[in-house]
Amino acid sequence: MTHLPSFVDVHADVRNALETNAPVVALESTIITHGMPFPDNVEMAKAVEEEIRARGAIPATIAVLDGVLKIGLGADELEALAKVKDALKISRADIGYAISQGKSAGTTVAATMIVAQMAGIRVFATGGIGGVHKGVETSFDISADLTELGRTDVIVVAAGAKAILDVPKTLEVLETQGVSVVGYRTDTLPAFWTSGSDLDIPLRLDSAAEISEFQKVRDALRLGGGMLVANPIPAGDEIPAEIINGYIATAQAEMAAQSISGKAVTPFLLQRIFELSEGRSLRSNIALVKNNARLAADIAVALHS
């Protein structure tokens with residue numbers, strides 16, 4: 001491991017894995033702080049970590065707790081983070097602020113990628129990436145996740161972009177950023193709660209070993225930047241597009257009526273969709289995160305073989 005700043009605390013299990021060149025999978029924490037209510041959030045986080053351990057890798061949930069940048073959380077720390085009422089949601093722009101001000105915060109995809117690369121963690125599992133929001137023509141609301149994927153060398157396993165986004169424009173920005181977008185056993189881009197879409201995916205690979213080999217060639221070419229592995233939600237857990245799209249449209253109309261913008265957009269939409277779907281969206285969300293964690297662990301193991 002490289003020397004890390006004094007405000008960074010690496011969990012013993014993660015430190016040992018990195019020092020012995022064992023597979024590690026990074027996990028973000030906005031899904032804990034902003035994605036679902038307590039105690040669902042902590043139960044989900046523990047279950048996802050167990051999925052990774054069961055596949056032979058070490059989980060490293062990344063977060064900021066009271067100004068300390070945590071790479072890997074113990075059970076007590078996970079519970080403490082899950083109970084924080086006013087946690088920040090941090091990206092590249094404000095991760096330093098949260099640490100310097102002694103705040104607690106959930107890390108977005110972008111912030112988690114930054115910390116993972118700093119620690120030498122190659123693979124990261126999340127639910128869905130951020131992207132271009134609908135109505136971008138007037139709001140210019142584009143997630144920093146997309147530019148981070150273009151600049152930071154981490155493999156991100158996700159169920160595509162969150163379906164609340166303008167997914168075609170999100171795919172265009174990823175292409176502009178030079179991000180390798182790989183469909184795992186799929187020819188269309190997964191749409192988060194739905195396993196497929198009408199958008200063709202640029203690249204397809206059918207095994208963790210193939211993804212690992214692709215990354216090794218990218219390393220040899222010194223390309224830099226990230227890879228997005230789009231992993232469809234399991235068929236038994238998906239919500240049909242015609243159903244989920246109705247919930248999304250209702251939630252977005254309410255959001256516009258209430259003039260909600262900025263970082264409040266995604267948490268508001270996810271909460272309203274949870275309410276409109278009577279909890280079904282949350283159950284699907286948990287299932288797809290677990291599915292992504294399993295694939296991420298398999299890729300991490302393959303990279304170290």
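Cβ atoms here come from the backbone N, Cα and C positions, even for glycine.
Note that the structure is predicted; figures quoted are calculated from it, not measured.
Features of the protein shown, as given by Swiss-Prot:
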type     : residues                              : note
ACT_SITE : GLU28                                 : active site, proton donor
ACT_SITE : LYS162                                : active site, nucleophile
BINDING  : LYS89, VAL109, SER143, ALA144, ASP145 : substrate binding site
BINDING  : ASP141                                : Mn(2+) binding site
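Same-chain residues that are not part of LYS89, VAL109, SER143, ALA144, ASP145 yet have a Cβ within 8 Å of the Cβ center of the substrate site turn out to be SER91, THR108, ALA110, ALA111, ILE129, GLY130, LEU146, GLU148.
Note on SER143 (substrate binding site): other Cβ atoms within 10 Å of its Cβ, all shown chains, come to 24. Within 10 Å of the C-beta of VAL109 (substrate binding site) there are 29 other C-beta atoms, taking all protein chains into account. Ranking the binding-site residues LYS89, ALA144 by how many Cβ atoms sit within 10 Å of each one's Cβ puts LYS89 at the top. Reported as a whole number, the C-alpha separation between the residue listed as 'Mn(2+) binding site' and VAL109 (substrate binding site) equals 16 Å. Long-range Cβ proximity for ASP145 (substrate binding site), meaning a same-chain Cβ under 8 A and a gap of 6 or more residues, is found for SER91, THR108, VAL109, ALA110, ILE129, GLY130, GLY131. The distance from the Cα of SER143 (substrate binding site) to the Cα of the residue listed as 'active site, nucleophile' comes to 11 Å. For the recorded positions GLU28, ASP141, the greatest number of Cβ atoms within 10 Å around a candidate Cβ is found at GLU28. Of the recorded residues, LYS89 (substrate binding site) and the residue listed as 'active site, proton donor' place their C-alpha atoms 11 Å from one another.
Residue annotation for substrate gives LYS89, VAL109, SER143, ALA144, ASP145. The furthest Cα pair among them is separated by 13 Å. A gap of 14 Å separates the Cα atoms of the residue listed as 'active site, nucleophile' and ALA144 (substrate binding site).
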